[in-house]
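Novice: Before we start, here is the structure in question, set down as structure tokens.
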Amino acid sequence: MRGIIIVSFLVLQSLVVSSSQSAPDFNFFYWVTYWPGAICESQKGCCPPPPEAKTSSDFMIHGLWPQFNNGTWPAFCDQTNLFDISKVSDLISRMERKWGEWGVWTCPSNETKLWEHEWDKHGTCVQSIFDQHSYFHTNLKFRQKLDLLNILKQSGIKPNDGFYGLEEIKNAIKCVIGFAPGIECNEDVEGKKQLFQIYICLDNYAKEFVECPYVPDGSCASKIKFPKSPKTDSCTDSQSVMPSVSTT
Ligand SMILES: *[C@@H]1O[C@H](CO)[C@@H](O)[C@H](O)[C@H]1NC(C)=O
Ligand SMILES: *[C@@H]1O[C@H](CO)[C@@H](O)[C@H](O)[C@H]1NC(C)=O
């Protein structure tokens, strides 16, 4: 008797799961961009894109990440649909300009590896709403919609190695999209906290900005540095990204 109840419960549960496959099974998205200047000015140093790369030193897309309200996230959900660059061939030229790789995650910098990682880790978990093309296209759409550098500049916050209030930076963005973003910092060579990544929260269909249900711990200080835009030739050589150990 008990066995029958359990079995029928399992059958029912699997029916519910399969019939709700088109609804997102996560709670919201982070759409994350990074500031290349914070890489070149970091203890790690940067590994600039090759001169032929079309990447600029504006905010660069990192990716669109499904999240749970409790601060955890699904990852690497499907090994059978890995990144296939031929599925986004019409988007490549825009991706090269807005989704470049400044040696943060791969060195020598390789943007294809970053795109591959973003789809394989995060994109495969959002297939209830996106295929590969719409995942990458949605990232580009938000990048076009939200000119973060300009938004900050209009509030007098500029990449000039100056220090700005963390709340001031959040408020400048909140004034435009209605909700405060999460800010992640890293450290410059002197150990000063600087603006590294901006997390914008989106609803679980990636349509609207929302109040962040969970704010990432950004390890910032109350005043943070906004490093200058990197110049390719001022960056650390691609072979020497490890911090040099002081021998004195
Ligand atoms: C967070 O929420 C997800 C989805 O509801 C759940 O699967 C996971 O176990 C939770 N993790 C923790 C640490 O609470
Ligand atoms: C960049 O990464 C892609 C994907 O992993 C790989 O196919 C390609 O060979 C890499 N390019 C270089 C120049 O290393």
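Just so you know, the numbers here start at 1 and follow the chain as drawn.
Cβ atoms here come from the backbone N, Cα and C positions, even for glycine.
Sharing the features that TrEMBL gives for it:
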SIGNAL    1-22  signal peptide
ACT_SITE  His62  active site
ACT_SITE  Glu118  active site
ACT_SITE  His122  active site
REGION    228-248  region 'Disordered'
COMPBIAS  232-248  compositional bias 'Polar residues'
Novice: Going by DSSP, is His62 (active site) sitting in a helix, a strand, or coil?
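Specialist: Its secondary structure by DSSP: strand.
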Novice: Rounded to an integer, what is the Cα-Cα distance in Å between Glu118 (active site) and His62 (active site)?
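Specialist: His62 (active site) has its Cα 8 Å from the Cα of Glu118 (active site).
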Novice: Rounded to a whole angstrom, what is the C-alpha distance between His122 (active site) and His62 (active site)?
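Specialist: Taking the Cα atoms only, His122 (active site) lies 11 Å from His62 (active site).
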Novice: Enumerate same-chain residues with a sequence separation of six or more from His62 (active site) and a Cβ-Cβ distance below 8 A; give 'none' if the list is empty.
Specialist: Val32, Thr33, Tyr34, Leu114, Glu118, Gln197
Novice: Out of Glu118, His122, give me whichever of these active-site residues has the highest number of other Cβ atoms within 10 Å.
Specialist: His122
Novice: In the three-state scheme derived from DSSP, which category covers Glu118 (active site)?
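Specialist: Its secondary structure by DSSP: helix.
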